[in-house]
Amino acid sequence: MPVMKGLLAPQNTFLDTIATRFDGTRETTCTAVTPWAAADSNFILANAQVSKGFPIVYCSDGFCELTGFARTEVMQQSCACKFLYGPETSEHIILHVDSALEERSELKEEIMFYKKNGSVFWCLLDIVPIKNEKGDVVLFLASFKDVTDTKAKSILEEKKEECRREKVKGGSPFGSTRLRSSTVLYHISGHLHNRQKQSKIKLNKNVFGDPPALPEYKVADAKKSKFILLHFSTFKAGWDWLILLATFYVAVTVPYNVCFIGDQDLTRSTTVTDIAVEILFIIDIVFSFRTTYVSKSGQVIFDARQICIHYMTTWFIIDLVAALPFDLLYAFKVSVVSVVHLLKTVRLLRLLRLLQKMDRYSQHSTVVLTLLMSMFALLAHWMACIWYIIGKKEVESNADTWDIGWLHELGKRLESPYEGVSTGAVNRTLSSGPSLRSIYIAALYFTLSSLTSVGFGNVSANTDAEKIFSICTMLIGALMHALVFGNVTAIIQRMYSRWSSYHTRTKDLKDFIRVHHLPQTLKQRMLEYFQTTWSVNNGIDSNELLKDFPDELRSDIAMHLNKEILELSVFSSLSRGCLRSLSLHIKTSFCAPGEYLLRQGDALQALFFVCSGSMEVLKDSMVLAILGKGDLIGANMSVDDRVIKTNADVKALTYCDLQCINLRGLYEVLDLYPEYSHRFVQDITHDLTYNLREGQESHVISRMSSKSMDTQGRRRHRGQ
């Protein structure tokens with residue numbers, strides 16, 4: 001399977017941008033809006049292309065909490081929010097709001113609104129028109145900020161000022177003069193305070209930049225800096241293979257230099273190569289700070305700051321330690337002690353990066369076998385280095401009287417015996433014997449023959465230390481033989497069972513496209529949908545997986561998987577047995593950006609619950625509603641009339657995860673539990689975020705307008 005690219009289709013992230021950039025007031029501040037503040041933002045979006053009432057197509061959770069109205073009660077109401085008007089609402093400001101909507105201009109006013117429970121609150125209303133890429137106003141963004149506390153303070157100050165005037169009224173001229181001076185001083189101080197506040201705001205603008213511009217309602221491609229590398233690009237794949245080869249080079253040369261070379265040769269031939277590898281590792285660190293990655297949610301992260309944080313918290317320390325330039329000491333002829341050679345072994349930590357990228361390296365069986373054999377040979381190489389160190393220490397520690405070690409035996413057979421061992425004050429060094437090349441070949445021959453359990457005895461262990469090491473080598477060899485060679489077929493099958501299924505499905509899909517001569521656009525949509533759905537469920541068909549389980553267990557599993565939709569208020573009246581039966585008819589669906597979930601005139605087959613992402617409801621290219629997480633899409637139901645035709649298109653703006661309740665299965669469950677049928681049919685009408693039943697639009701608008709008039713009438717009657 002190719003490297004996971006992540007979710008890259010162009011998305012309309014307008015709703016996410018509004019939620020994260022605007023906190024409901026568009027105040028100029030120097031602090032960014034945090035995710036917690038965005039969650040509490042109070043705003044609505046209204047359709048600016050429908051001149052009659054400008055119906056609301058989306059409202060935030062913060063707006064619902066502020067006003068006390070549920071989302072289903074707010075949707076399709078007028079953007080002027082007439083359902084919030086009351087007897088104390090200023091008629092003058094109402095005219096200003098209507099005029100701004102008709103002229104599609106900005107408005108910022110303080111207005112008195114009434115909550116659902118009849119309580120009064122002062123609100124800073126800010127209406128901003130939203131344009132599309134053509135420059136046409138398609139939406140209104142209306143934000144609401146509760147300013148009741150500040151308004152109450154200002155009213156209290158005004159009352160205090162009036163009382164002060166009444167006290168000094170009719171008094172001495174000196175008292176009236178003092179009142180005038182205090183009033184002038186009061187206004188001047190307020191004026192100066194406002195000027196200082198404005199100057200601070202201007203200063204913050206200059207320091208922190210202008211406030212974020214309003215987003216356009218359009219499909220936006222992922223923005224990527226030209227200095228950001230794609231993790232699935234051809235260049236990055238080639239670079240990773242180069243780093244893999246450099247890592248194996250380090251794994252071979254570092255133990256060899258530590259054991260065989262030591263600090264005897266400051267001008268060894270591999271110094272230039274070692275420095276080049278260190279430079280490659282340093283460059284790789286720089287590339288890692290600019291390489292995209294796939295987040296846990298499947299999104300490709302292009303933001304440089306997030307990439308840096310992710311890399312710093314994962315592999316940066318290991319990569320930095322492995323890239324320390326020890327070999328520059330050799331290049332500058334600096335005397336190096338053995339401790340520095342031992343420190344270079346930390347570069348072997350770089351092998352841990354190999355485990356991270358096994359998915360990319362293990363795309364073919366030949367690569368897997370090559371990697372396994374390479375790891376086996378690398379282990380033999382490391383043990384050969386240790387075998388030489390054991391023999392060397394045995395010779396150095398026993399001076400001239402020792403001649404039974406494996407190095408002595410090798411020297412006798414090669415006719416290059418050790419003639420003596422020079423003894424110094426600090427250490428002892430070998431003065432003669434076979435060449436390092438012959439010693440290394442003999443050591444590697446011994447370790448490979450021991451690991452594979454086919455030793456011939458011509459190089460054997462003679463001393464206690466050598467025999468103990470030989471025992472450990474044979475144990476490790478038995479383990480490696482059992483784990484690698486004995487199970488290589490099982491390893492390949494286990495690693496490639498999922499990939500094999502993916503490639504088989506992909507080949508079948510491409511053959512289907514080729515046989516039926518499908519157009520390029522349709523081909524691209526099919527491949528995109530297949531790859532993204534595979535990345536979500538990893539090719540696991542939950543229905544096929546659970547079909548052999550008993551109904552009781554399947555119901556419990558389905559209840560857990562679909563608990564988010566079953567917690568909706570529309571299902572609160574159903575018994576647990578009814579919910580268990582209904583959960584078996586809930587399926588998970590996925591919709592890519594730009595794909596249509598439903599078309600106008602289609603027969604509705606399911607109710608849809610948006611788990612993540614955002615969608616729009618369209619009719620004649622006009623936005624009727626914007627749906628987000630937690631919204632329920634469908635139609636009011638009837639036990640008798642079970643054929644429902646949709647009145648609009650439903651299109652995905654971003655990647656959307658959906659849960660679908662099959663209508664046929666729903667009707668079957670309601671037939672089994674008739675005592676809940678009537679209640680459910682009534683509740684579903686109130687819980688739908690948007691009703692897709694054909695012919696429902698005029699009914700919804702008339703119902704909402706009459707409901708608004710009734711609400712206003714009750715409030716005016718209450719105010720009399």
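Residue numbers in this text run from 1 along the chain shown.
Positions of Cβ are set from backbone N, Cα and C atoms, glycine also.
Positions annotated as domain 'PAS' by TrEMBL: 52-104.
Marked as domain 'PAC' by TrEMBL: 107-159.
Marked as transmembrane segment by TrEMBL: 241-263 (among others).
Look at TrEMBL and you will find 275-295 (among others) tagged as transmembrane segment. If you look at the transmembrane segment (275-295), the same-chain residues 6 or more away from its ends with a CB under 8 A from one of its CBs are 4-6, 224, 227-231, 236, 239, 242-243, 246, 249-250, 301-302, 304, 307-308, 310-311, 315-316, 319-320, 322-328, 331, 350.
Here TrEMBL flags 330-346 (among others) as transmembrane segment.
Per TrEMBL, transmembrane segment is recorded for 367-390 (among others). Counting only same-chain residues 6+ beyond the ends of the transmembrane segment (367-390), those with a CB under 8 A from a CB of the stretch are 248, 251-252, 255-256, 258-260, 361, 406, 439-440, 443-444, 446-448, 451, 465-466, 469, 473, 476, 480, 484, 488, 491-492, 495.
TrEMBL lists 438-456 (among others) with the feature transmembrane segment.
Annotation comment: TrEMBL describes 468-492 (among others) as transmembrane segment.
Look at TrEMBL and you will find 570-687 tagged as domain 'Cyclic nucleotide-binding'.
Positions annotated as region 'Disordered' by TrEMBL: 699-720.
DSSP labels the residues of the domain 'PAS' (52-104) in these numbers: 27 helix, 6 strand, 20 coil. Counting residues of the domain 'PAC' (107-159) by DSSP class, helix then strand then coil, yields 12 helix, 30 strand, 11 coil.
For the transmembrane segment (438-456), same-chain residues at least 6 beyond its ends with a Cβ under 8 Å from one of its own Cβ atoms are 256, 260, 376, 379-381, 383-385, 387-388, 406-407, 410, 414, 416, 470, 473-474, 476-478, 480-481.
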